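Have a look at the structure below, then the notes.
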Amino acid sequence: MASLCSNSSTTSLKTPFTSLGSTPKPCQLFLHGKRNKAFKVSCKVTNTNGNQDETNSVDRRNVLLGLGGLYGVANAIPLAASAAPTPPPDLSSCSIARIDENQVVSYSCCAPKPDDMEKVPYYKFPSMTKLRVRQPAHEADEEYIAKYNVSVTKMRDLDKTQPLNPIGFKQQANIHCAYCNGAYRIGGKELQVHNSWLFFPFHRWYLYFYESNAGKLIDDPTFALPYWNWDHPKGMRFPAMYDREGTFLFDETRDQSHRNGTVIDLGFFGNEVETTQLQMMSNNLTLMYRQMVTNAPCPRMFFGDLMISGITLNSPGTIENIPHGPVHIWSGTVRGSTLPNGAISKRGEYGHFYSAGLDPVFFCHHSNVDRMWSEWKATGGKRTDITHKDWLNSEFFFYDENENPYRVKVRDCLDTKKMGYDYKPMRTPWRNFKPLTKASAGKVNTSSIPPVSQAFPLAKLDKAVSFSINRPTSSRTPQEKNAQEEMLTFNSIRYDNRGYIRFDVFLNVDNNVNANELDKAEFAGSYTSLPHVHRAGETNHIATVDFQLAITELLEDIGLEDEDTIAVTLVPKRGGEGISIENATISLADC
């Protein structure tokens, strides 16, 4: 088939590294429209030795997870609010990245800086006659594994011979460090691409350029990344192709106990669940159904809330929360454990944002995260991309496979086929895994359970707590349900954000519920939080957030649509003794 487009021209800018030379970009069938001029900001300049003025220090975003819901100040802000598009980072303001309040990253995560950022052009997709097709890692053959290992080997060689080359492996990993650990600032605030609507588009663009780089180094423009198919039982183990010692796809800082065919826990938060492999897989499929269907009926719930200039939000979408976060934790090592090389673990490369990209499995994991975006839209209903102009016009900065710097917009990454790649179709058993088995034979006697007014405020969640709560209305029509989602909200959850937090939520059960069996209709979701990254001198370690769960579908499945009062049970899983909750409410909300 003849190409339907011509090769696009590129603008080469001088950069501080030795060029590998450039090759023509392959032809692609799909092109986007013209792009707008970048939003210009003025940021703080850091001196060349990496030190920075701390007088304008601001809070890091809390790395919060919440299975099935959104929380934080964003819930009080309508999606139509004016937010201004997020501009690409000003590389001249790039500074040291932080691990926590007492540790800084020992090396610079900043990307090589072009001579003139104002002249960095917008990226145009190269023409292509054949889509790159990403395949599940557990189906990878020896030829593919060998090819990918050669590519990563060449990337790592560049780390030694041309350490500032942007397509070297370390420089590629540093992209995640800079965007996620406080190296970049915009308008005086740290840029963070997690916990908001930037999560999916940033990582899609990130993988796009990494994939192009990998293909360039092995002279294969059709090379496509594998994806860790953790949403399917056959992919619910650590990918074997990354677990071969002596290859560059292996990383010894991973959790050694999760090798050799161990079934992954997609809700893992540091504590091993004592159960069978079959039950774990069932739990995983339930989590996937809850995250992709029940708790993500509309864009706001799936993508996370908008990022507003000057306001720190902690409102990630469903998939970013779980399984994205737990897969990182499950793969990384436990802090303080001894690694095979005798070193003491700091949670492993994959367990930290700043170092996650140093483990090649990062790109395999995020390839499946990216796939979930496409699968979610294919589920139907209101599951469509965000149309807010400030999201569509937000920008990032990357280097392409020819070492040329570019600006990219969110609006240009909404269709993977237009970007030149697609995913090999795989069965998605979670679509039909709606948990219908009930833990309770009928409706729990709510008169025997304390009402919400007596249960709250809750001083500490150190044990399972049940309460009854009134609904705003009952027996809603299908039209009413389609117009508004019924939301269970926990207001003003407070805890020390330097530790791990998790609690699960169930409907229509009492505090004797088996919280290790998630494949029950009554399981609504989980609230989780990772340790917060603080800057030196910060004294406020208390987080205060709201947490929402969509419960319309659950009420139907449990048979509580016509009930005016329902029972809710909270089960602490991690750090419950330090959790307090002001109140709980049920309301109807536009989704």
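Every residue, even glycine, has its Cβ placed from backbone N, Cα and C.
Just so it is clear, the model here is predicted, and its values are computed rather than measured.
For CYS94, the disulfide partner named by Swiss-Prot from the candidate list CYS43, CYS110 is CYS110. Each of CYS109, CYS298 is a candidate, yet Swiss-Prot gives the disulfide link of CYS177 to CYS109. Of all the disulfide-bonded residues listed here (CYS109, CYS110), it is CYS110 whose C-beta has the fewest other C-beta atoms within 10 angstroms. When the recorded positions CYS94, HIS203, HIS324, HIS328, HIS366 are screened for a Cα within 10 A of the Cα of CYS177 (disulfide bond), none qualifies. For the pair HIS194 (Cu cation A binding site) and CYS94 (disulfide bond), the Cα-Cα distance reads 18 Å. A separation of roughly 25 Å, to the nearest angstrom, links the Cα atoms of HIS324 (Cu cation B binding site) and CYS110 (disulfide bond). Of all the recorded positions in the record (CYS94, CYS109, CYS110, HIS328, HIS366), the one with the smallest CA separation from HIS203 (Cu cation A binding site) is HIS366. Apart from HIS176, HIS194, HIS203, the Cu cation A site neighbourhood in this chain, defined by C-beta within 8 angstroms of the site C-beta centre, holds TYR179, CYS180, VAL193, PHE199, PHE202, TYR206, PHE353, ALA356, HIS366.
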